[in-house]
Amino acid sequence: MFISNSTVYMPSVLTLVGIPGLESVQCWIGIPFCVMYLIALIGNSLLLIIIKSERSLHEPMYIFLGMLGVTDIALATSIMPKMLGIFWFCMPEIYFNSCLFQMWLIHTFQGIESGILMAMALDRYVSICYPLRHTTIFTHQLVTQIGTVVVLRAAMLVAPCLGLIKCRFQFYHTTVISHSYCEHMAIVKLAAANVQINKIYGLFVAFTVAGFDLTCITLSYIQIFITVFHLPQKEARFKAFNTCIPHVCVFLQFYLLAFFSFFTHRFGSHIPPYIHILFSSIYLLVPPFFNPLVYGLKTKQIQVHVFKMLFS
């Protein structure tokens, strides 16, 4: 490592601060984070076991829910071990390449989760608006193809971010990242160079993935609610709404936290850093923690199989 004119040349190791301004209480913040992580692991694992073992749940909605569970486990696991290492064991150092890899994993799993939520909204749209054609449209082959496209889209769109950082930047102002994990803009801000291209590409990826998915989800649920309001029977309306409520709760918590984190990183200079970093960390942990609880409490078929598993 070579230092010249207050810059660092091609650092091999970076330092993650954790939550700036809250370093003295990070050991206590780590406790609820760890509890949420364990609940996320147990809840999503339980969902996966139930969906895999029960043939009656081998339907598109539950297959997508299983994909969401795998993604949630992977997303939470890509950040929590290192974050707890910073909070509890004073292990802030991370290799530069490992940091880039963590960044790629985090943003890829975020993109995959967004795509799965869109697929679940489309599945609900077809199921409620065109119930007689649902089984012929959402075949297992189509579900597999959607899952493959969602994974490849996220991985391929995020991958150039690694190249733009690795190839364009050689000198860095500092090796200290004021964050609890390796986030794209947090790394880019370290560079002692023009970062405009990286910012533009980051915005492009965000609006390509989240913008497209959120538009599809919004349009799907507008059509769903129009159809539900026109149902003649009150029981049918209630059943349709009860099916949609868990999905709407998951969509809202995922995208509201995502957009808060995204825009504060770029335009929220007046927001205290500890608030932004705390919310960014919570944003990555809440969906894995929240999703199995919502679907477990609001989906009757899953409730039945959970009780059956526990009492058997």
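The backbone N, Cα and C atoms fix where each Cβ goes, glycine too.
Remember, TrEMBL labels are computer predictions, not curated facts.
For 43-295, the entry in TrEMBL reads domain 'G-protein coupled receptors family 1 profile'. The transmembrane segment feature in TrEMBL is assigned to 28-50, 62-89, 101-122, 142-165, 200-228, 240-262, 274-295.
Of the two recorded stretches, the transmembrane segment (62-89) lies close to the transmembrane segment (274-295), with three or more CB pairs under 8 Å once pairs fewer than 6 apart in sequence are set aside. Beyond its flanks by at least six residues, the transmembrane segment (274-295) meets 18-22, 29, 33, 36-37, 39-40, 43-44, 46-47, 65, 68-69, 72-73, 75-76, 79-80, 83, 106, 110, 113, 178-181, 183, 246, 249-250, 253-254, 257-258, 260-261, 264-265, 268, 302 of its own chain at Cβ-Cβ distances under 8 Å.
Per-residue pLDDT, averaged over the domain 'G-protein coupled receptors family 1 profile' (43-295), rounds to 89.
Long-range contacts of the transmembrane segment (28-50) within the same chain: residues 19, 22, 57, 65-66, 69-70, 72-73, 76-77, 80, 83-84, 87-88, 278, 281, 285-286, 288-289, 291-293, 295-296, 302, 305-306, 309, each at least 6 residues beyond the stretch ends and with a Cβ under 8 Å from a Cβ of the stretch.
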